[in-house]
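Undergrad: Can you keep this structure in mind? I'll have questions shortly.
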Amino acid sequence: MTVKVLLTAKNSETKDDALLQEIAFKLAKSRKFIAVTGAGVSCNAGIPDFRSEDGLYNMVKKQYPNVVVKGKDLFDAVLFSSPDTIQVFFTFMAHLRDCILKARSTQTHKLLKVLKEKKKLLRCYTQNIDGLETHENLCTGITPKNWKKLDVIQLHGDIHKLKCMHCSQLFDWTEDSTQTCKDGEAPECPACRIVQEDRMLRGRRNTGVGRLKPNIVLYGEEHPDGDLIGRCTQSDFKSKPDFLLIAGTSLKVVGIQKLVRQAAKSVKAKGGVVIFVNKTEVGTNSWKDVIDYHIEADCDEWVTNLKTRIPDFFAIQTSIKKFAMPAGSKKKSPAARLVPTLDTPPTTPVKTRKRPAVSVHDDDKTPVVIVDDSDREDEVMLPTPSHFSTPRKSRRLAASLKKTPSSAIEIGLLTPEKTPSRKRTPLQPWEPSATNTRKRSASTLAAEFEPIKRTRR
């Protein structure tokens with residue numbers, strides 16, 4: 001059952017005030033948010049409506065007084081059935097784009113930005129063609145590569161692009177194309193013109209030059225990116241959203257009705273809530289089991305009231321915006337400038353040198369050649385086996401130091417560059433004498449086995 005809620009001030013102690021506070025808390029606690037927006041969201045952006053005295057419809061009607069076109073037919077494919085109505089269509093679209101360029105984003109668009117910054121916005125599906133969501137850094141423009149990263153799905157296209165009705169290429173608006181549309185004519189496609197000139201030079205058949213029209217989907221046309229939009233909806237509904245906001249739409253279009261029902265079904269399966277914000281009620285009673293709360297108010301007025309109820313939800317945005325710096329900027333952020341600097345004298349870094357464990361005198365260095373497996377030789381200086389301690393050592397310590405090899409040469413790791421003048425004589429294996437050893441004297445045996453004296457280097 002849909003509950004109607006009137007917009008009231010905070011702490012008014014009414015039933016509506018309690019319901020508005022409950023809705024605000026549920027929005028703040030939500031994790032996956034889906035929004036469906038319509039023309040009511042952009043009414044406060046500065047875009048004039050179609051039916052007022054100064055509206056776009058009366059402006060175009062004054063330019064073409066003999067052409068009878070209903071207001072709802074300005075976005076219908078029926079306009080292309082007659083040359084007169086085609087002129088009305090292009091003139092109307094050119095003036096509408098001029099008004100959109102002067103418009104600014106609304107409070108509802110800013111709410112979507114806050115939801116994105118908090119990583120709560122799953123997707124926004126909009127019926128608008130003004131592209132005001134880009135003013136709040138929301139990503140638009142669906143392609144086969146970026147559809148997963150999109151923040152906003154434009155169900156009816158984007159008026160800021162021109163599309164060829166022949167080759168389907170997209171182009172930006174130029175001064176010439178804008179003036180051509182205001183005159184009631186369709187601009188030529190530059191890509192088709194190049195192809196035609198090339199074929200004519202080669203003597204081939206003329207394929208014709210296409211015409212450009214705003215890249216919007218009229219009623220009665222199929223969306224060219226319908227398959228990608230279907231993939232987006234399936235992905236979002238499987239993500240189990242817990243909050244659905246329907247704002248600024250009367251839900252009279254069949255396509256948007258189907259989208260809202262499917263989204264509401266996914267939200268309710270998660271135990272979420274469905275909110276409908278619009279000045280007018282929905283047409284039929286078939287929505288009573290779909291919509292939980294109908295806030296009968298203007299979209300921006302409700303967002304303004306929402307800020308008073310959950311101010312902390314919007315406070316992060318202002319603090320980040322105050323201290324944030326644009327990407328790639330080398331300047332210090334205001335937050336960094338707030339850090340106080342102390343008046344300390346400048347210090348020059350001093351390069352320290354490691355002290356050796358044992359100091360070696362220059363007189364006790366011997367050049368040694370290191371030979372490795374790659375036959376590469378480097379001359380280094382290594383200390384000779386001497387002792388450099390200043391105090392006199394005890395005899396026992398001195399004796400132990402003499403027995404311990406103190407250089408790489410004595411250990412056997414290195415080979416000296418110059419061989420000493422006194423060569424070592426290797427020990428010869430003992431062989432018994434041919435004469436009878438029993439008859440030899442002790443002095444003879446002592447002379448044969450006398451060890452060879454070793455010499456120190």
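Backbone N, Cα and C define each Cβ position, glycine as well.
Heads up, TrEMBL stuff is auto-annotated, nobody curated it.
Heads up, here are the entries from TrEMBL:
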- 13-309: domain 'Deacetylase sirtuin-type' (DOMAIN)
- H156: active site, proton acceptor (ACT_SITE)
- C164, C167, C189, C192: Zn(2+) binding site (BINDING)
- 334-361: region 'Disordered' (REGION)
- 412-457: region 'Disordered' (REGION)
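Could you give the neighbours, burial and distances for every feature on this list?
TA: If you take the C-beta of H156 (active site, proton acceptor) and look for same-chain residues 6 or more apart in sequence within under 8 angstroms, you find F75, Q127, N128, I129, I216, V217. In the three-state DSSP assignment, the secondary structure recorded for H156 (active site, proton acceptor) is coil.
In three-state terms derived from DSSP, C189 (Zn(2+) binding site) belongs to neither a helical nor a strand segment and is classed as coil. Around C189 (Zn(2+) binding site), the C-beta neighbours below 8 angstroms that are at least 6 residues distant in the chain are C164, H166, C167, Q169, F171, V209, G210, R211, L212.
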Undergrad: Fewest other C-beta atoms within 10 angstroms of its own C-beta: which of the binding-site residues C164, C167 fits that?
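TA: So among C164, C167, the binding-site residues given, the one with the fewest Cβ atoms within 10 Å is C167.
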Undergrad: Which are the residues of the chain, C164, C167, C189, C192 excluded, whose CB is within 8 A of where the CB atoms of the Zn(2+) site average out, their centroid?
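TA: Leaving out the recorded residues gives M165, H166, S168, Q169, P190, A191, R193, V209, G210, R211, L212.
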Undergrad: Does DSSP put C164 (Zn(2+) binding site) in a helix, in a strand, or in coil?
TA: strand
Undergrad: Give me the count of other Cβ atoms within 10 A of the Cβ belonging to C192 (Zn(2+) binding site).
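TA: Taking every protein chain into account, the count is 20.
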